[in-house]
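If you check Swiss-Prot, you get these features:
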- His37: active site, proton donor (ACT_SITE)
- 30-37, 147-150, Ile176, 184-187: ATP binding site (BINDING)
- Gln61: beta-alanine binding site (BINDING)
- Gln61, Gln153: (R)-pantoate binding site (BINDING)
Amino acid sequence: MRIIDSVADMQAFSRDARRSGKTIALVPTMGYLHDGHASLMREGRTRADILVVSIFVNPTQFGPNEDFTTYPRDLERDLQVAEAAGADVIFAPRADDMYPAGFQTYVDVEKVTLPLCGASRPGHFRGVTTVVAKLFNIVMPHTAFFGKKDFQQLAVIRRMVADLNMDLSIVGMPIIREPDGLAMSSRNAYLGPQERTNALCLNRSLAAARTLFTDGERSVARLRDTVLRILTEVPGAAIDYADFRDSETLEPVEAANEKTLLALAVKIGTTRLIDNCVLGEEQ
């Protein structure tokens with residue numbers, strides 16, 4: 001496995017690979033890798049000749065009072081996880097190489113970034129789309145893999161790729177969960193033992209909504225009441241949003257159907273967690 005920390009070296013590697021007819025898969029990450037990331041890598045491994053995993057804690061997607069400085073980092077462990085999952089190349093650039101002095105160009109997807117996380121984290125998605133566009137230009141992948149836990153992020157990236165005629169395929173991969181149902185996330189490392197138990201309320205509320213939907217409930221108001229009841233029973237849980245949206249457009253809906261997205265963002269203590277499900281999809 002090769003480690004590349006220079007933008008120029010990564011571009012040179014990818015140009016040579018493409019010239020020789022090889023296909024490239026990219027799994028973009030911020031590091032502190034877990035089995036969710038590994039599932040993306042394993043899928044990427046099956047779909048391309050070369051698997052590149054980027055590890056970069058992107059400063060432009062963090063707000064002024066967010067956790068950029070404390071975001072968990074462990075490069076040595078990340079290298080072991082990536083190699084075990086079949087990575088050929090780790091691209092771990094420096095911030096001053098990605099954003100050199102004088103940098104002033106950003107990619108801003110408009111409508112689909114406004115609700116959900118976009119409402120409570122202004123500027124977040126501008127940072128995400130900018131760094132992802134840069135990674136696409138640097139790594140030059142044929143295919144890139146993203147987890148559906150960040151459902152809105154996946155929708156935003158799909159929109160950017162379509163609107164800017166980027167020549168690659170975007171693959172969304174299922175949420176990977178701990179045995180007790182908690183969605184895997186690097187931020188789970190922040191949770192204390194009691195908070196870790198309390199965090200199970202997210203998946204519990206998703207499961208309750210899915211059960212009601214399967215039993216015939218279509219009223220978003222009644223489904224939301226059930227979700228909120230479960231979340232508010234948990235001490236220290238602060239709800240950012242519990243929203244029902246069309247899973248393709250992210251527009252709000254009043255009557256649920258098979259393609260309705262239930263998206264959650266909840267703070268457990270000081271840790272903001274997100275989770276989601278599409279009501280008609282098997283989990």
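Each Cβ is built from the backbone N, Cα and C atoms, and glycine gets one as well.
Projection of Swiss-Prot feature records onto the structure.
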residue: Met30; record: ATP binding site; DSSP class: coil
residue: Gly36; record: ATP binding site; DSSP class: helix
residue: Gln61; record: beta-alanine binding site; DSSP class: helix
residue: Lys148; record: ATP binding site; DSSP class: helix
residue: Gln153; record: (R)-pantoate binding site; DSSP class: helix
residue: Ile176; record: ATP binding site; DSSP class: coil
residue: Ser186; record: ATP binding site; DSSP class: helix
Original post:
If one measures from the C-alpha of Leu33 (ATP binding site) to the C-alpha of Gln153 ((R)-pantoate binding site), what distance in angstrom results, rounded to a whole number?
Top reply: 18
**OP:** Please name the residue among the recorded positions His37, Lys148 whose C-beta has the most neighbouring C-beta atoms within 10 angstroms.
**Re:** His37
